[in-house]
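Undergrad: Okay, handing you the structure first.
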Amino acid sequence: MAAAVAIEEQKKDIIFRSKLPDIYIPKNLPLHSYCFENISKFSSRPCLINGATDEIFTYADVELISRRVGSGLSKLGIKQGDTIMILLPNSPEFVFAFLGASFIGSISTMANPFFTSTEVIKQAKASNAKLIITQGCYVDKVKDYACENGVKIISIDTTTTADDAANILHFSELTGADENEMPKVEISPDGVVALPYSSGTTGLPKGVMLTHKGLVTSVAQQVDGENPNLYMHSDDVLLCVLPLFHIYSLNSVLLCGLRAGSGILIMQKFEIVPFLELIQKYKVTIGPFVPPIVLAIAKSTVVDNYDLSSVRTVMSGAAPLGKELEDAVRAKFPNAKLGQGYGMTEAGPVLAMCLAFAKEPFDIKSGACGTVVRNAEMKIVDPETGSSLPRNHPGEICIRGDQIMKGYLNDPEATARTIDKEGWLHTGDIGYIDDDDELFIVDRLKELIKYKGFQVAPAELEALLLTHPCISDAAVVPMKDEAAGEVPVAFVVKSNGHNITEDEIKQFISKQVIFYKRINRVFFVEAIPKAPSGKILRKDLRARLAAAALPTN
């Protein structure tokens with residue numbers, strides 16, 4: 001009998017929860033209503049600040065313009081459940097378009113404006129976008145497709161030629177609409193509001209259906225409650241330099257900032273000097289970054305010329321941040337708490353958040369990427385058996401809660417592979433939870449290098465490589481090897497004005513790791529390919545290895 005009980009106990013999931021208590025979340029509210037629920041407290045305060053022009057929109061302005069855009073979209077035939085594509089860099093118009101679509105129950109699919117025409121059109125087709133909002137310089141990418149398929153194009157600025165202008169509407173067509181004529185719609189909490197595209201744990205990009213309830217839950221998990229996990233308030237200024245077409249910026253910067261009544265300083269793209277100037281000029285208090293930005297700050301020689309003392313929070317996400325890089329950037333922001341979050345588009349996206357960011361903060365460890373968010377459950381499972389694992393045992397990270405995606409658009413098979421029958425979303429990331437409930441990411445399940453059966457985590461080697469002063473960036477991927485199966489190889493970007501050889505790099509790593517983690521080859525490159533989120537595009541590097549032998553110098 002005792003043996004049977006023991007076996008039954010083993011079958012039970014070991015579930016981890018936040019140190020913070022669960023809170024009430026108004027899941028019945030549409031996303032826009034939730035974001036503007038407390039607007040009466042800060043309607044006249046700055047909401048959006050355009051870093052390029054210094055133009056300021058108050059909360060009252062943003063809410064009104066978004067309603068007008070919703071009305072304008074409706075006049076152009078966009079109905080509840082229809083999808084619009086936002087093909088824009090960071091800009092106030094991006095925000096107005098997204099919120100305007102939400103007001104009328106429509107869906108926004110966000111695309112990287114630097115995509116090729118083929119990539120943009122593929123997403124437009126897959127999402128069945130009825131209208132594309134873009135800039136004049138990107139119109140040529142979609143013009144022919146739009147004409148052939150009856151898709152309307154709206155440009156936020158002038159178009160490139162008179163011929164284009166005749167067929168393309170200006171954004172003022174939306175902002176000039178009467179907000180009182182916006183249709184009244186009943187929006188279901190399970191209605192889709194955002195459709196970002198993600199490759200998930202494997203395969204081609206797929207539309208991730210994020211609902212009103214899901215995004216409301218995710219934002220609330222971060223910024224709501226008496227002791228918010230991510231403390232923001234109406235005196236804060238958030239620097240929105242990460243692209244809004246990526247869910248990290250859309251959720252944890254824009255939507256969280258709106259809910260908290262903070263000022264959101266919009267920067268179109270990251271350049272170190274304008275970035276530092278804006279922080280100093282607007283006294284930025286919260287900096288949501290990704291590792292490439294953190295790396296640029298840590299390595300920059302001009303940072304010390306600027307007053308960054310206003311920054312109280314530096315949050316990094318989208319990819320793991322090593323302890324050495326954490327320590328380096330701490331020195332640049334004397335008054336800031338530095339910590340990490342962990343997310344995945346399909347998870348809504350935030351799974352874990354650093355508790356040093358809480359209103360009543362907790363002590364944290366370097367290298368940890370937070371504790372599971374409140375109102376959610378996390379477990380770690382053995383990738384081979386699916387059995388849940390106890391603390392300090394690495395396995396695949398799984399999350400369950402109302403914040404996760406509804407599923408992949410028109411792809412029930414991929415949805416079923418990602419979300420199991422019990423509602424657990426399988427991330428494809430390998431990590432463990434320690435004795436203090438902190439989550440540590442080891443690596444991506446599919447990125448682990450197998451050396452004679454030993455697992456080698458690329459992120460670990462990359463963090464070591466970045467500690468060398470002659471290396472400005474690095475990525476590690478597997479290379480096929482007859483004897484070992486796979487061996488680690490490094491792609492390295494040399495720091496300006498520095499020189500280093502392949503042998504020097506190999507020796508530098510060999511002194512710090514066990515034999516099977518040693519770097520086998522080093523390839524020097526001009527840049528490491530990365531997604532807008534900051535994640536290394538390892539498949540591109542693996543493809544280069546497969547295509548041809550690369551010179552080492």
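Just so it is clear, glycine is given a Cβ too, placed from its N, Cα and C backbone atoms.
Residues or ranges marked as ATP binding site by Swiss-Prot on the basis of similarity to another entry: Ser198, Ser199, Gly200, Thr201, Thr202, Lys206, Gln340, Gly341, Thr345, Asp429, Arg444, Lys535. Swiss-Prot lists Tyr248, Ser252, Ala318, Gln340, Gly341, Thr345, Met353, Lys446, Lys450 with the feature (E)-4-coumaroyl-AMP binding site. What Swiss-Prot lists as CoA binding site is Lys269, Lys452, Gly453, and the listing cites similarity to another entry. The region 'SBD1' annotation in Swiss-Prot covers 271-340. Among the features that Swiss-Prot reports, region 'SBD2' is placed at 341-408.
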Undergrad: Starting from the Cβ of Lys452 (CoA binding site), draw a 10 Å sphere and report how many other Cβ atoms land inside it.
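TA: There are 11 such Cβ atoms around Lys452 (CoA binding site).
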Undergrad: About how far apart, in whole Å, are the alpha carbons (Cα) of Tyr248 ((E)-4-coumaroyl-AMP binding site) and Lys269 (CoA binding site)?
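TA: It is 15 Å, counting Cα to Cα.
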Undergrad: Can you figure out which of Ser198, Lys269, Lys452 (the binding-site residues) comes closest in space to Gly341 ((E)-4-coumaroyl-AMP binding site), comparing Cα atoms?
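TA: Minimum Cα distance from Gly341 ((E)-4-coumaroyl-AMP binding site) across Ser198, Lys269, Lys452 lands on Ser198.
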Undergrad: Sorry to bug you, but what's the C-alpha spacing from Lys452 (CoA binding site) to Thr345 (ATP binding site), rounded to the closest Å?
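TA: Taking the Cα atoms only, Thr345 (ATP binding site) lies 33 Å from Lys452 (CoA binding site).
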Undergrad: Provide the number of Cβ atoms within 10 Å of the Cβ of Gln340 (ATP binding site), excluding the reference atom itself.
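TA: Counting Cβ neighbours of Gln340 (ATP binding site) within 10 Å gives 29.
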Undergrad: Should Ser198 (ATP binding site) be counted as helix, strand, or coil on the basis of DSSP?
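TA: In the DSSP reduction, Ser198 (ATP binding site) maps to strand.
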Undergrad: Where Met353 ((E)-4-coumaroyl-AMP binding site) and Gln340 (ATP binding site) are concerned, what is their Cα separation in Å, rounded?
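TA: That comes out at 7 Å between the alpha carbons.
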Undergrad: Relative to the Cβ position of Tyr248 ((E)-4-coumaroyl-AMP binding site), how many further Cβ atoms are located within 10 Å?
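TA: Looking across every protein chain shown, the total is 24.
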